[in-house]
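Quick notes on the structure that follows.
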Amino acid sequence: MHLLALHLLLFLLGSRAKAGEIIGGTECKPHSRPYMAYLEIATSKNYLSTCSGFLIRRNFVLTAAHCSGRSITVLLGAHNKTAKEDTWQKIEVEKQFPHPKYDDYSVLHDIMLLKLKEKAKLTLAVGTLPLPAKFSFIPPGRVCRAVGWGKTNVNEPTSDTLQEVKMRLLEAEGCKHFTNFYHSSQLCVGNPKKMQNVYKGDSGGPLLCAGIAQGIASYVRRNARPPAVFTRISHYRPWINKILREN
């Protein structure tokens with residue numbers, strides 16, 4: 001498919017292309033996903049957008065590179081993002097580290113680290129999520145869970161409460177219709193026969209497989225039909241480790 005046609009068909013899951021949601025999923029038990037981060041983003045054009053992300057260290061959040069902006073505030077300890085609780089911790093981002101090879105057109109290398117201005121306080125509602133080992137392989141057929149505050153229907157606003165959905169890992173063949181899909185650095189996720197998917201607003205949220213973050217929500221077709229493309233975290237462990245070590 002020609003790149004222009006691809007971009008007519010696809011949109012980024014993040015708020016730069018309107019915030020997304022979990023379709024066909026269920027509401028999470030409050031604070032059962034303590035690593036989840038809700039990102040409030042002021043773009044370079046002074047628009048407000050949102051993404052999801054997840055805490056991997058007390059002062060670092062992992063998300064998608066297309067969720068970058070002029071400034072970002074991270075909300076931790078939230079379930080309903082519109083109903084303030086004592087569990088909330090709002091922390092500004094000190095520095096954004098989008099992958100140096102991220103391409104906004106092909107959406108390759110869609111991964112970013114956010115260094116927080118202060119360390120999060122670890123509580124029952126705020127915790128960290130482990131990452132996979134370097135270049136570890138997760139086989140197709142595995143059923144994982146995507147988590148985020150995205151839409152629950154294509155024509156609905158984003159969800160106020162945290163949602164999750166079960167999604168199956170597919171062979172690379174399942175995403176052959178995406179011109180720029182690379183199996184080595186991306187995951188093809190979601191049964192095309194089921195209307196269960198991530199969508200706008202879920203960008204940057206994790207794909208959880210046995211309690212480990214294996215993927216980062218990147219993009220999906222405009223009509224929200226599965227499969228979706230996630231950034232494969234294990235491929236980027238050397239880069240992640242370098243940023244964490246040096247900062």
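Note: Cβ is positioned from N, Cα and C throughout, glycine not excepted.
According to Swiss-Prot, the signal peptide annotation covers 1-19, on the basis of sequence analysis. The domain 'Peptidase S1' annotation in Swiss-Prot covers 22-245 and rests on sequence analysis. The feature disulfide bond is assigned by Swiss-Prot to C51-C67, C144-C209, C175-C188, with sequence analysis given as support. The active site, charge relay system annotation in Swiss-Prot covers H66, D110, S203. What Swiss-Prot lists as N-linked glycosylation site is N80.
Structure coloured by features recorded in Swiss-Prot.
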residue : record                           : Cβ within 10 Å
C51     : disulfide bond                   : 34
H66     : active site, charge relay system : 23
C67     : disulfide bond                   : 28
N80     : N-linked glycosylation site      : 14
D110    : active site, charge relay system : 30
C144    : disulfide bond                   : 22
C175    : disulfide bond                   : 20
C188    : disulfide bond                   : 24
S203    : active site, charge relay system : 34
C209    : disulfide bond                   : 18
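When the C-alpha distances from S203 (active site, charge relay system) to the recorded positions H66, C175, C188, C209 are tabulated, the minimum falls on H66. Closest to H66 (active site, charge relay system) in space, going by CA atoms and restricting to the recorded positions C51, N80, D110, C144, C209, is D110. Residue pair N80 (N-linked glycosylation site) / C51 (disulfide bond) shows a Cα separation of 15 Å.
In this structure, the CA atom of C144 (disulfide bond) is 12 Å away from the CA atom of C188 (disulfide bond).
Under DSSP, C209 (disulfide bond) is assigned to a strand (E or B) in the three-state scheme. D110 (active site, charge relay system) and C175 (disulfide bond) are 16 Å apart (CA-CA, integer value). DSSP classifies C51 (disulfide bond) as strand under the three-state reduction. In this structure the alpha carbons, written CA, of D110 (active site, charge relay system) and C209 (disulfide bond) are 19 Å apart. Calculated from their C-alpha atoms, the gap between C188 (disulfide bond) and C51 (disulfide bond) amounts to 20 Å. Annotated pair C67 (disulfide bond) and C209 (disulfide bond), C-alpha to C-alpha distance, rounded: 23 Å.
Across the structure, C51 (disulfide bond) and C209 (disulfide bond) are spaced 21 Å apart at their Cα atoms.
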